[in-house]
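The feature CoA binding site is assigned by TrEMBL to R196, G197, G198, K199, T316, S530. According to TrEMBL, the feature ATP binding site maps to G392, E393, P394, D416, T417, W418, W419, Q420, T421, D507, R522, R533. What TrEMBL lists as Mg(2+) binding site is V544, V549. According to TrEMBL, the feature domain 'Acetyl-coenzyme A synthetase N-terminal' maps to 32-87. Residues annotated as domain 'AMP-dependent synthetase/ligase' in TrEMBL: 89-474. If you look up TrEMBL, you'll see 538-619 marked as domain 'AMP-binding enzyme C-terminal'. The N6-acetyllysine annotation in TrEMBL covers K619.
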Amino acid sequence: MSTLDSILKETRSFAPSDEFRRKATISGMEAYNALCEQADDHYLSFWGDLARELITWKKPFSRVLDDSQAPFFKWFEDGVLNASYNCLDRHLAANANKIAIIFEADDGDVTRITYAELHRRVCQFANGLKSLGVKKGDRVVVYMPMGIEAVVAMQACARIGAIHSVVFGGFSAGAVRDRIQDAGASVVITANEGMRGGKNVPLKPTVDEALALEGAESVKHVVVYQRTNGGANWTDGRDVWWHKLIEGQSETCEPEWMNAEDPLFILYTSGSTGKPKGIQHSTAGYLLGAMNSFRWVFDYKPNDVYWCTADVGWITGHSYVCYGPLANAATQVIFEGVPTYPDAGRFWRMIEQHKVSIFYTAPTAIRSLIKLGADLPKQYDLSSLRVLGTVGEPINPEAWIWYYETVGGGRCPIVDTWWQTETGSAMIAPLPGAVPTKPGSCTLPLPGIIADIVDESGAQVEPGRGGFLVIKKPFPSLVRTIWNDPDRFKKTYFPDEFDGKYYLAGDSAHRDESGYFWIMGRIDDVLNVSGHRLGTMEIESALVANPLVAEAAVVGKPHEVKGEAVVAFVVLKGPRPQGDAAKTVAAELKNWVAHEIGKIAQPDDIRFGENLPKTRSGKIMRRLLRSIAKGEEITQDVSTLENPQILAQLQQPL
Ligand code: 7RM
C-alpha cells in the first residue's frame, strides 16, 4: 500500500477548562510530556514501577520484560498474583461497603451491590465451579446477558485460574460451537433467557443447539442462571442451575495464585476473513493495562460514578467493566437493556438518576440517539457528568460536537479512545486534564505507548499522509498469542514486512501537524480512486456533516476508468426517501461531498436505507456493503448482523 491521501480538514480544538486541569491526576501538557519522556528514557522501569505501584503481588517479579522470544513477549514473568484478588479482596479493608455495581435491568429495576457482597458472590460461585471439577487452565465459555452475574462468572474464573472466553449473547449456535471447539471448553455458563428492549432473548436454547452440533463434545457441564421465569430444557447430569450450584458453598475462596504470564482469558474476534481468532491475554500485563489506563484516560477519582455501556461480550466490557473499574475500586453502573427502550431518553434518564460522572459509549449509539431525539438530553439533569468517552470506531466531528455540547454541556472533555481487542487497553486517547481534544481525532498515545504511522517499508510517513498504524515497542497488555495458532499470531500482527518488529494494528491513520492521530479506517477498507488512496472515514464524515444525514458508510466498487468508484450508503435523519425525492437528495449529497472535500471523493452511487448493516458491537459491515455495491449476491455469513432486513433496502438502486 502506498500512503493514503488525507482529505479531512478539522481544525477545532478544545482544551480542558482550568478547573478540570487543576483537579486532574495528570494535570496539563507538562505532566503528560514528563510521563512520555520518562517512558522514552527508561522504558522498562517506567512499566516496572507502574506494575509495582498498581498491582498487589503475592510474590514480586524480578524482571520486567523478556523479549528473547519476540514477538512472544513476557512481562513480569516470575511475579505471582491473582486478578480477582486485585479486583476484590484488596479493597475489603477500606471499601467493603462501597458500592461496586449499580445494576439497572431492562425493566428499570435497580440493584446495588457492595464490594463485600460482590466478593462473597464471586467466592461462592468460584467454589461452585470447583465442585464441577473446574481447575486452573481449564476453559470456560460465558454466554450471559449483561448483568452482575456475568461479572461474577468472569471474576470467579479468574479467581480459580480458569480461562474465560466470553461469547456475546447475540451470537448464533454455530458461532458458540466454533468458540467452544477452538477453546476446548469444559463448562458453559449461561442464563435461561436475557431481557433486552422489553423482549425475552433465548440463551439456554442456543447453547443446547450449539452442544448438539459436532465439535462441542468437550463440554461437560452447563451452568444456567435463572434470569426470567421461563423454564429451560434440561439434560440431566450435564445441566445445573446457578442457584443450586452455589447452595451451601462457602463464602470465601482462596484465590489460585497465578504466574504473571498465565492466560487470564481468551476473547474471539472475527476479522474480515478466516475463522475467528482467539485473542489470548495474560494475567498481569493485561490487568496493569486495564487498571492504569482506566485511571489515566477517565481521570478516575474515588467518588466518581462511572458507566460504560459496552456488553461484557466485547473487549470494552472486559477492560472497562469487569477488570479496570473493579481493580480501581470504582463504583460503576451496568445496564442490561438497549439505549432506545422504553424510549430514546433511557441513557440520559439513567445518567440523571444514578448521577453518572464518567460516561463511555460508542459513536454508533450516539448517532442513533441524535437521529431519535437530538434535543432529548436537554430534558434531563446531566450536570453530574464530567468526562465523556467514545470507543469502537471513528466518531465523525458532527456527532462529536453534539456529544460535547448537548450531552456534556460544553464542560466535559471527550476521550476518544483508540484501541483493540488485541491491545487489551486504550492506546491512543487524550488524558482529559492534559491533552486538548479535536473532534474526530483520538489525539496522542498514552505515555509508554510508542505508536507511529509508517509506509510499507516501515518508514515514518510525513504529517498529513496516511499509512499503517503500528506500535513500535511491546507493552504489557498486548495480546500474547492467538489461541492454538502462534504462526497466525506472528503473521498477522508482527509481519515480516517490518522485520517482525512492529505490532501492526490493521488500521490506517494519519497525523496532523501537531502530531495528533486520525484513524482513517481498517486497511482493508481503503479506496483507490484514480490513484488517490482514500480512507472511508473522511468521506463518511463529510456526508454526516450534511444536515439531512444521520449516518453514512462508504465503500468502493470497481470502475473502468477510476479504478474504484465511491459508493455511499446513507441513512437520513428523516424518513427513507423514495423515487424522485431520493434522486434529488442523492444529487444534493454528491454536490455536497464535492464541495466539502473535492470531486475526487464524490460518490458515483448513493443508496438509502433506514439503517446500516452492523455487527452486534455496532461496527459497520463494510464487506457486505462492498458486495451490495458490486451487485453481487450475498454469500457471506450474516449471523452476526444486528438487522438483516435492511439489506434489501440497500440493494435497491435509485
Ligand atoms: C475497543 C474495540 C478494534 C477496531 C480498531 C479500529 C476501531 C476502535 C476506535 C476505532 C477509530 C476509535 N476493539 N476503533 N476504537 N477507530 N477511533 N476511537 O473496539 O477489537 O472490537 O475493534 O475498532 O478499527 O482496529 S475491537
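Each position is counted from 1, following the chain as shown.
Note that Cβ sites are derived from N, Cα and C of the backbone, with glycine treated the same way.
Here the features listed in TrEMBL are placed on the structure.
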| residue | record | Cβ neighbours (10 Å) |
| --- | --- | --- |
| G197 | CoA binding site | 13 |
| K199 | CoA binding site | 11 |
| T316 | CoA binding site | 25 |
| P394 | ATP binding site | 27 |
| W419 | ATP binding site | 26 |
| R522 | ATP binding site | 20 |
| S530 | CoA binding site | 13 |
| V544 | Mg(2+) binding site | 22 |
| V549 | Mg(2+) binding site | 23 |
| K619 | N6-acetyllysine | 14 |
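Under DSSP, T417 (ATP binding site) is assigned to a strand (E or B) in the three-state scheme. Within the group of binding-site residues (G198, G392), the Cβ with the highest number of other Cβ atoms inside 10 Å belongs to G392. With a cut-off of under 6 Å between the Cβ and any atom of ligand 1, the binding-site residues R196, G197, G198, K199, W419 reduce to W419. With all protein chains in the displayed structure included, the most crowded Cβ environment within 10 Å among the binding-site residues T417, T421 is that of T417.
T316 (CoA binding site) and T417 (ATP binding site) are 11 Å apart (CA-CA, integer value). With a 10 A radius on its CB, R196 (CoA binding site) counts 17 other CB atoms from all the protein chains.
A Cα-Cα distance of 27 Å separates V544 (Mg(2+) binding site) from T421 (ATP binding site). Checking the recorded positions (R196, G197, G198, T316, S530, K619) against T421 (ATP binding site) with a 10 Å Cα-Cα cut-off leaves T316. The residue listed as 'N6-acetyllysine' sits 14 Å from W419 (ATP binding site), taking the C-alpha atoms as the reference points. Following the DSSP three-state reduction, the secondary structure of V549 (Mg(2+) binding site) is strand. Taking DSSP states H, G and I as helix and E and B as strand, the domain 'AMP-binding enzyme C-terminal' (538-619) has 29 helix, 27 strand, 26 coil. Remark: secondary structure over the domain 'Acetyl-coenzyme A synthetase N-terminal' (32-87) totals 27 helix, 7 strand, 22 coil, with classes taken from DSSP. With S530 (CoA binding site) as the anchor, the candidate binding-site residues are G392, W419, V549, and the one with the nearest CA is V549.
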